Amino acid sequence: MYRRTLVQSFKLALGGILFVVRNERNMKVHLVFGAAAVSLCLFLRVAPIEFIFIVFSIALVLIAETANTAFELLLDFVHGDRYHPDVKLLKDIVAGGVFIASANAFVIGIIVFMPRLLHLAASVCHL
């Protein structure tokens, strides 16, 4: 049995991540929104615990999108290009997981950012 070194395992994992980033439009969208959320955290100086919630929410979305891509590729590999309603259902279910993770991140973003943005807008309007 072939055993990989830790460095080899990290290289393979990074290669998988790069594949998803290069080939999946939705992953690029998630990364842009994630970077915007982290930037907003830094700009608004959110509390450390809120920053942790934001980062974990972003990570959950990225993990879900990565799993979605892997599962779709597996289904395409096993079933080929032929349409089948069961394959579509499986893909829809996994995509639903990405939607749940994204909705969770959105709600957490609203909870963390909305009060600060409203306060910032109010202070700008009173200049």
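Backbone N, Cα and C atoms are what each Cβ position is placed from, and that goes for glycine too.
Annotated ATP binding site per TrEMBL: R4, E24, E72, K91, D92, in sequence order. Within 10 Å of the C-beta atom of E24 (ATP binding site) sit 16 other C-beta atoms, taking all shown protein chains into account.
Applying an 8 A CB threshold to same-chain residues 6+ apart, the list for E65 (substrate binding site) reads V20, E24, N26, M27, H30, V98, A101. What TrEMBL records for R4, E65 is substrate binding site.
Positions annotated as divalent metal cation binding site by TrEMBL: E24, E72. Classification of E24 (ATP binding site) by DSSP places it in coil, neither helical nor stranded.
According to TrEMBL, the transmembrane segment annotation covers 31-64 (among others). Listed as Cβ neighbours of the transmembrane segment (31-64) (distance under 8 Å, sequence separation of 6 or more from its ends, same chain) are residues 21, 97-98, 100-102, 104-105, 108-109, 112-113, 116-117, 120.
DSSP assigns E65 (substrate binding site) to a helix. Among the features that TrEMBL reports, active site, proton acceptor is placed at E65.
Annotated transmembrane segment per TrEMBL: 93-113 (among others), in sequence order.
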Could you pull out which residues elsewhere in the chain have a CB under 8 Å from any CB of the transmembrane segment (93-113), counting only those six or more residues past its ends? 26, 30, 33, 37, 40-41, 44, 46, 50, 53-54, 57-58, 60-61, 63-65, 67-68, 71-72
